[in-house]
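Student: So that we are looking at the same thing, I have put the structure below in structure tokens.
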Amino acid sequence: MTQVAKKILVTCALPYANGSIHLGHMLEHIQADVWVRYQRMRGHEVNFICADDAHGTPIMLKAQQLGITPEQMIGEMSQEHQTDFAGFNISYDNYHSTHSDENRELSELIYTRLKENGFIKNRTISQLYDPEKGMFLPDRFVKGTCPKCKSADQYGDNCEVCGATYSPTELIEPKSVVSGATPVMRDSEHFFFDLPSFSEMLQAWTRSGALQEQVANKMQEWFESGLQQWDISRDAPYFGFEIPNAPGKYFYVWLDAPIGYMGSFKNLCDKRGDTTSFDEYWKKDSDAELYHFIGKDIVYFHSLFWPAMLEGSHFRKPTNLFVHGYVTVNGAKMSKSRGTFIKASTWLKHFDADSLRYYYTAKLSSRIDDIDLNLEDFVQRVNADIVNKVVNLASRNAGFINKRFDGVLAAELADPQLYKTFTDAAAVIGEAWESREFGKAIREIMALADIANRYVDEQAPWVVAKQEGRDADLQAICSMGINLFRVLMTYLKPVLPTLSERVEAFLNSELNWDAIEQPLLGHKVNTFKALYNRIDMKQVEALVESSKEEVKAAAAPVTGPLADFPIQETITFDDFAKIDLRVALIENAEFVDGSDKLLRLTLDLGGEKRNVFSGIRSAYPDPQALIGRQTVMVANLAPRKMRFGVSEGMVMAAGPGGKDIFLLSPDDGAKPGQQVK
């Protein structure tokens, strides 16, 4: 049964680093993990990697909203994402970030090669600009009506209804997502990837037969409508990698995001001290296999742009794309108000990971069909299949083996032909796992479980146990049941890793695909302990209620200094150097007639006197208390004429205003007139 070992690199689409993992994400990661675990069981060398997609304006703006830096936000998100995936036993060899040195180097390398090969074009474009926020609007921050299918409320780069891609300027009735303002047009020089140059190569790849039929058909539609050059640059302000030799221009997030697959693998190789595998897997003539598990909403990027970028920069193309559909809950789109928009972490507070892994697996196929998580059906199916059919098979037999035979199984099989029926099914079940026909694999396994339970029903060990002189029969029957259980759990091991660990502990034997040909005979098992508990609708109700409460909590406004007053746009060192900050001694402080906000300060700069009006009266109702205190002032601010006189600078203070204003003071020892650097 052993196959020739293959070298396989598997990826999942990179989760965006501005939000939590939810059950929609988990479909893909579970699907990929089941496939990867099966490949590993068959002896293949599998590298399973992922990363956070950590760039783009949405992350920059979300960080501002939270009052933290983008780097801090993506760091916290990465930890949260990795915790969630570990909780669902997603067996990644490496989880990285697109905001990494490896990804920067590879993005610059691929861009440079594309440019050297003539595939990067420059031209000035008219771009949507938010006049209220003073920024160019990235694709995802413009919404309007799709120019192709006329669906409303679609983003500026692609339509989630028909899958079309387009320029934000093509949207009908566009609006800024940031401010709600109607964008205006402004010119900007942008860089374009010449996708049409790869049309012939992409069509040949499509016709190769490797892609899912639905994907190939969709690509053919795109070819017929004509491929367009792809805008790969964005203007500052932008959180990402600056394009080499192009100040103020950044790589569009969708350029460096798929390169993140390469970056994560490079990071893994470096961790291992492996200097050869990266080139071995990614060189143009590599014989390693590369598979991307993705959702149907990002097929365009992975089936057109990504292979074309790789081809144009002399790297290998993917072996295949494995595309899945969306997740609905109880027959409808996931809803925050109904409590069906469920985060991965919330699920794990109410159910184990194996339960969702099993339910998704039972519904998955190689097609791009949506999967419905019907919560009532979920409870019934987990109890009927995992508990009643599989685990119950072990519990019905293990007690007799433990109590009557000291845990030792019979030396011979009671029904070798029946056992062969189970092991012969390995070919069909293995092919179903291989071809991602997961639902078929589960149906085959559950059909065998029915046969195994029927065998136990017919042999009735509970009756035999009461009959004198039939100990050997009892041991043989129960040993047969446990061996059939072992085969079933071997087939289910890619799906149920936690349960499999418990089963291996009970059997005192690893669940190994190639070992099922040899049954456990004369083998001592350990004391049987409950392997899996039934679930009920009360847990579902608690899950839904928890999700609703989390939505309410998340809707509470974020407060704090950075949230209330976000950090301003970045300035250069030269800009900062223009500001001349000096230590100043407050010689006098007094109220200003006609103003309930200002104090008049007389400042000594160590040989020069300044008159400054400062709006700090609400925090310092007794101005005399300021006399003799040192502070910091902007000494080279242009004088400002006011109706009370001329203000010759500005003193520095912190706080939101009102009584919460705090005049800055240097440490003891500072002298009036000294420069603050």
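First residue shown is number 1, and so on along the chain.
Placed from the backbone N, Cα and C atoms, the Cβ positions cover glycine too.
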Student: Kindly point out the range from 68-72, 333-337, 508-512 that Swiss-Prot annotates with motif ''KMSKS' region'.
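Tutor: Spelled out, Swiss-Prot records motif ''KMSKS' region' over residues 333-337, not the other listed ranges.
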Student: For the motif ''HIGH' region' entry in Swiss-Prot, name the matching range from 15-25, 103-113, 169-179.
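Tutor: Among 15-25, 103-113, 169-179, the range Swiss-Prot annotates as motif ''HIGH' region' is 15-25.
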Student: Which whole-number value in Å describes the distance between the Cα atoms of C162 (Zn(2+) binding site) and K336 (ATP binding site)?
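Tutor: Pair distance, Cα basis, whole Å: 24 Å.
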Student: Quick check on the motif ''KMSKS' region' (333-337): DSSP residue counts for helix, strand, coil, in that order please.
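Tutor: Helix, strand and coil residues of the motif ''KMSKS' region' (333-337) number 0 helix, 1 strand, 4 coil.
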Student: If you skip the near sequence neighbours and keep only those at least six away, which residues in the chain come within under 8 angstroms of C149 (Zn(2+) binding site), Cβ to Cβ?
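Tutor: The list for C149 (Zn(2+) binding site) reads C159, V161, C162, A164, given in order along the sequence.
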Student: If you count, for each of the binding-site residues C146, C162, the other Cβ atoms lying within 10 Å of its Cβ, which residue has the minimum?
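Tutor: The binding-site residues C146, C162 were compared, and C162 has the fewest Cβ atoms within 10 Å.
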Student: Sort out the sequence-distant neighbours of K336 (ATP binding site) for me: same chain, 6+ apart, CB within less than 8 Å of its CB, listed by position.
Tutor: S547, K548, V551
Student: Across all the protein chains here, work out how many other Cβ atoms are within 10 Å of the Cβ of C159 (Zn(2+) binding site).
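Tutor: The answer is 20.
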Student: For Zn(2+), what surrounds C146, C149, C159, C162 with a Cβ no more than 8 Å from their Cβ centroid?
Tutor: P147, K148, K150, S151, Q154, E160, V161, G163, A164
